[in-house]
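**Student:** I have a structure here, written as structure tokens, and I will follow up with some questions on it.
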Amino acid sequence: MQSSSEHISDVLIIGSGAAGLSLALRLAPHCKVTVLSKGPLNEGATFYAQGGIAAVFDETDSISSHVDDTLIAGAGLCDKEAVEFIASNARSCVQWLIDQGVLFDTETSANGEERYHLTREGGHSHRRILHTADATGKEVETTLVGKASNHPNISVKERCNAVDLITSNKIGLAGTKRVVGAYVWNRELEKVETFRAKAVVLATGGAAKVYQYTTNPDISSGDGIAMAWRAGCRVANLEFNQFHPTCLFHPQARNFLLTEALRGEGAYLKRPDGSRFMLDFDPRGELAPRDIVARAIDHEMKRLGADCMYLDISHKPTDFVMQHFPMIYEKLLSLGIDLTKEAIPIVPAAHYTCGGVMVDQHGRTDLDGLYAIGEVSYTGLHGANRMASNSLLECLVYGWSAAEDILTRLPTAKLAKHLPDWDESRVDNSDERVVIQHNWHELRLFMWDYVGIVRTTKRLERALRRINTLQQEIDEYYANFRISNNLLELRNLVQVAELIVRCAMERKESRGLHYTLDYPDQIENPQPTILHP
């Protein structure tokens, strides 16, 4: 019998960004799909993506060039097979997006033909970024949300946080261990509900909220990585956290990202005295990969004792800047900064989680019936450093690939007959919520200071000791008090913080986004860092 707080579908998708919604739309003609969104439907990282989507649309470009650029940016740790798989399926997946109604910017060629306007970003040897001005993510997410919201086979649940996955062995079912559903905190009703499904997909995004400064929306708390780990899945390469080099330094807009496309179109990075510095660090200057640019900015800030560096595109024509970057122009103007006339104060900020839950080419994890797609996953695409505009692409390709696999397996997949309700009989309401707030701030501050852009073994050891103490406090709190949104996110962030530090301690070299003063050189024949539960 189905209880009032139980929901049943063929496929449960946890997350409502480009990965989750593209998968839902591909599945929906064939089965019943439930999509969980932590906040409003369009609140994920996809909505805020400014840059674009990398795909070969220019006849002078090639898939092999896209592959080579990605391998170079990944600093020797990309899985070449995964890179080739994604690059070779890029155009068809972008075309699917266009067919859904996404409008990318176009231009008129010299012979009068209309074609897509392609921009170039750091690490790319060709112009291959399709974009919608400087708000590509907003266009993609708005289109997918509109389609999903109106599809009769897609049920969307907003303001719902997954608490944990339910596995067959935990409820006494015989046979191979598999995922059978999830417990979900309904923030509107303030109660935990049960979701049953034949397949569960994690499309929960990354874990950048583990750091004090981040470009990500508030919901990026590593939920999927933590839940998969607790359910018995391996994770990989979590030491590689990308810090976006150019986040606006302003008290009223702490997580506003300034797209790489600004540098792609000629913006300079400058010291407070107006002098350029990137050519001192890399011959590619402002177009060097993000890890090099972020470290250079961090180095100059520390060397000069400066609060920030500056990004300057004021030497470009005003019309050009306003046409290409209208959203950024308006946002900065509202803060009293004129992009066309002055340099913008910037700092690096946590931006993207390159590692994640280990998956195969269809997004399958170690747990039967459980998939992970998008930023939550480790596919091997990004290696030690993600190249600009490859992330939305990965979401789309794995949304397609996972859908193919799920639809093949659904006819023989079994739905669990009954799942136990969430048990709150032995917990009370908390009278110490200040504990959560304190631990939250402490975690994000020491992760920024000790596990940030530049690391040392002592800093990592210090962070791990703090994490162990926090975990004990949070586990005790979780066992004794009713859950809340902040408690759920903190529990997951502390778990992911531990995994990040453990991965970082295992890598005895500096490579890509992982830079440690104790091991400044690269080793030969590097391997992914894989942790087993």
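Backbone N, Cα and C atoms are what each Cβ position is placed from, and that goes for glycine too.
Keep in mind it's a predicted model, so treat the numbers as computed, not measured.
So Swiss-Prot lists these for the protein:
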ACT_SITE  ARG290  active site, proton donor/acceptor
BINDING   16-19, LYS38, 45-52, ASP223, GLU375, 391-392  FAD binding site
SITE      GLU121  site 'Important in orienting the L-aspartate substrate'
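Burial and contacts for the listed features, if you can.
**Tutor:** Cβ contacts within 10 Å of ARG290 (active site, proton donor/acceptor), excluding its own Cβ and spanning all protein chains shown: 26.
DSSP assigns GLU121 (site 'Important in orienting the L-aspartate substrate') to coil, not to a helix or a strand.
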**Student:** Determine, from DSSP, whether ARG290 (active site, proton donor/acceptor) sits in helix, strand or coil.
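**Tutor:** Going by the DSSP assignment, ARG290 (active site, proton donor/acceptor) falls within a helical segment, counted as helix.
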**Student:** Per residue, counting other C-beta atoms within 10 angstroms of the C-beta, which of the binding-site residues SER16, THR46, SER391 reaches the highest number?
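**Tutor:** Result for the most crowded candidate: SER16.
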**Student:** Please list residues from the chain of GLU121 (site 'Important in orienting the L-aspartate substrate') whose Cβ is under 8 angstroms from its Cβ, counting only those at least six apart in sequence.
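**Tutor:** Result: GLY51, GLY52, ILE129, GLU260, ALA261, ARG263, GLY264, LEU287, MET387, ALA388, SER389.
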**Student:** About how far apart, in whole Å, are the alpha carbons (Cα) of SER391 (FAD binding site) and ARG290 (active site, proton donor/acceptor)?
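**Tutor:** Cα of SER391 (FAD binding site) to Cα of ARG290 (active site, proton donor/acceptor) measures 14 Å after rounding.
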**Student:** Highest CB neighbour count within 10 A among the binding-site residues ALA19, ALA49?
**Tutor:** ALA19
**Student:** Which number gives the other C-beta atoms within 10 angstroms of the C-beta of GLY52 (FAD binding site), all protein chains shown included?
**Tutor:** 33
